[in-house]
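Per Swiss-Prot, the features are:
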| type | residues | note |
| --- | --- | --- |
| ACT_SITE | GLU138 | active site, proton donor/acceptor |
| BINDING | ARG110, SER111, SER112, LEU113, ALA114, ARG115, ASP128, VAL136, LEU137, GLU138, TYR171, LYS178, GLN182 | dCTP binding site |
Amino acid sequence: MRLSDTHIKEYLNDGRIVIEPAPTDEMISGVTADLRLGNKFRTFHAHTAAYVDLSGPKDQLNKAMESIMSDEIVLDEGEAFFLHPGELALAITYEKVTLPADIVGWLDGRSSLARLGLMVHVTAHRIDPGWSGNIVLEFYNSGKLPLALRPMMKIGAMSFETLTGPCANPYNTRKDAKYKDQNSAVASRISDDR
């Protein structure tokens, strides 16, 4: 069952859900809590590789990922990140989110941004029970104009759904959890899938 705004506030107040810094009352409405854009980004370099073999040898995959991903870009206050049409970039939320083992989170982009062509998460919008960290966003500009993205702008909204019971294997206890406690725009760790 999705939590209402009343229950989101209740769960935040009693610490069952933690969002740091805590959202103001104005940031919680209906069934969501607003999240803002952080100041860390990562882009894809122009490259000449014909393809990236996602199931190939681990060392080759790591080498390919290193050649196509930029170092992390950290914006100073007042700076903007420009996402051009057809570009994919990674970013993080300003807020750190921590979920218990019996709640799953769902991140949705804002309709107002989607109407300008901005996809906030390409496919990964589930936030697993037991998650703790900033959320990495997979931005894609499907519009016709470059978009200026600034830290602290409202970027998405998160809803929360209670499970029938706590997970036996929440994210924070999994040995194979690749993005545990992330606080930066972490690139794909697909080579760790083995």
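Using N, Cα and C of the backbone, Cβ positions are placed for all residues, glycine too.
Taken residue by residue with DSSP, ARG110 (dCTP binding site) is part of neither helix nor strand, so it is coil.
Counting in whole angstrom, the residue listed as 'active site, proton donor/acceptor' lies 14 from ARG110 (dCTP binding site) by their C-alpha atoms. Comparing the binding-site residues SER112, ASP128, LEU137, TYR171 on other C-beta atoms within 10 angstroms of each C-beta gives the minimum for SER112. The Cβ of ALA114 (dCTP binding site) lies under 8 Å from the Cβ of VAL120, each of which sits 6+ residues away along the same chain.
The secondary structure of ASP128 (dCTP binding site), as reduced to three states from DSSP, is coil rather than helix or strand. In the structure as shown, the Cβ atom of GLN182 (dCTP binding site) sits within 10 Å of 16 other Cβ atoms. Sequence-distant contacts (6 or more apart, same chain, Cβ under 8 Å) of ARG110 (dCTP binding site) comprise VAL120, LYS154, ILE155, GLY156, ALA157.
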